[in-house]
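Chemist: This is the feature table in Swiss-Prot:
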ACT_SITE  C109  active site, for E2-like domain
ACT_SITE  C548  active site, for E1-like domain
REGION    1-158  region 'E2-like domain'
REGION    159-373  region 'Linker domain'
REGION    375-600  region 'Adenylation plus E1-like domain'
SITE      R420  site 'Adenylated'
Amino acid sequence: MSTVVQQVPAELQAALTLINNDPRMRTNNAWALSADKRWSLKFTAELSVPCSSFMPDNSVWHLVLWQEETLIRIEVYPDKSEGISATFQHQNYNFSDASTREWTSGNPCLENTPTVFGRNLWGLEPEALLDRISWRLSRLLLWIDAAAQEKLATTGDAVELPAFPDQSPFTVIGFSEQIDDLPFWASKTGEWGFASSTGLPGAHGTLFLREFLDNKGKLIRTTKWSPFMRKGARTTNAVWSVLPTLPVLAPWQAPRTWQELSHCFAQCGLSLPDLFSDIGRSVRALRKQRAPGLLLLGFPLENKIGDEPARIHWLALRLAGLSNTMTKRPGFRPTERNRRTWDREQPLSQEPIRWVRTQNWAADQLRTRGEAANDIRSKKVLIIGAGSLGSMIAENLMRIGVVSQGILDADLLQTGNLSRHALTMTSVGHNKAAALVEHLNRILPDASARSFSCAFPPESEVAKNSLRQYDVIIDCTGDDGVLKSLAAFDWKSEKIFISLAMTWRAEGLFAFAASETSFPVTDASSRFNASASPEIDMDEARIEGIGCWHPVFPARADDVQLWAAVGTKFICRVVSAPGRIYEYFKQMPDGTVEKEPHEY
């Protein structure tokens, strides 16, 4: 409940004047302050273009401001009685709830796209409060005109799914759909079946889809996930159905009730009541099939408006209303025919849908925040040496999309290693390679790392043949003996060899690369020795622990992280343009890095 306040801040009073001075806006109302400290002002906005069936000439809105930590939020909401009732693109779901607030939930998106990054200087929105209010109101006028003309989303724009009402805040169902998968699912339009899922170990409220079966329970598709994710048990707890298009009500409203979803099915020439009847009959007939709790709706989705569909996308909602073999109703016989009739009732009800959030965990979707070029993402990479530098480079490569990795190391992880290693205390006492691979396979769903818990070269012929399958061989041992072994090993084909080693106190980084059938150890060693790197000073060495004099390499975690970043970029460059390359990187006292290239 809001109350009119006699003493209104000067900036808000100025905003009222600003509205009445605009020929397309007007208000006779006063500012009101709600119990939850939200200022609101009711006003009318007028179109400058012809009206449409969803956008009238005049619509009533509420300008709402409130304090959110150190910022003042400014939003505009439709009035419950005289505002727009439809939901458009670039608008939150527009619903009139039973609260005492006078406005609905459907505030349009008026922000400039760059502001989502939290940097106002990237956008056009000003900083002063009154200027921000004026800017938002002018954006609203542009928005209602575009909505009336159906121009909120135009050809070439990125496709945006509608806002789903009452969607779970963090329960997430992950799936993986690539571009190549679309023809398979397009052939299943109008069909349905069962699906299994597994809980993501250690995560909160997160599932991922494992297998798809037809409606007879026969396996038709398996989703590939990381070895870590495949350890969990599968539960067949979902039903899938493929639609020819996104289920949406004009102009851009996600269905809120089962009846609205039935209407979307009917628009596609399908019947949701028939689907429920068929699902119920199959579940009751399959004695080992537990009652599914989720309904997955798949449909082809394009990346940009006007493009051809690129891949299948899945929506999820809680499945309810199906009868089981024990379902009875007073006055009715508990027959299969009656239960099929009862199953058809839920899709025609006004009961709200409980939408569940879904995400596409396909490789190209996971790394939209940043990934390596395809040149290296397509390569199989072997890292020899899972110490501080090797572990951090392996993690960097995994996160940017180099998912097929082999890690080789014979050593066990010591507690002392943890001060500058990617691993944690839970890995102490384990083989470094095996523990690092376990860590890598937990990073992202498409990870595919394997370990070789041995020294190089391995004695086993099976292991030797496995190593020969890798395209890029990265040495992170800092051991001259390993370089000689790299040269002596019969790789059978041309490889991209890379050797990275930190200098004393991690003041510099040696970086050598070659694309040949064997590692050119003489050239690499001579390059390393010729570089102006700091001399080893045993007086600066640290002891491993009290009671023994076993010197350890002095370097801080931030130094190792720096060289891991530089080394990762070097690896990416070399793979994109193979050849003999040697570079020496030196860290300056202020933390900057200088590169000393060496010509061939």
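Keep in mind that glycine also has a Cβ here, set from the backbone N, Cα and C atoms.
Let's see these features in context: how buried, what's close, how far.
Modeler: In the three-state DSSP reading, C109 (active site, for E2-like domain) counts as coil. Applying an 8 A CB threshold to same-chain residues 6+ apart, the list for C109 (active site, for E2-like domain) reads H90, Q91, N92.
Within the same chain, the residues at least 6 positions away from R420 (site 'Adenylated') whose Cβ sits under 8 Å from its Cβ are S388, A555, R556, A557, D559, V560, listed in sequence order.
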Chemist: If you average the pLDDT over the region 'Linker domain' (159-373), what number do you get?
Modeler: 94
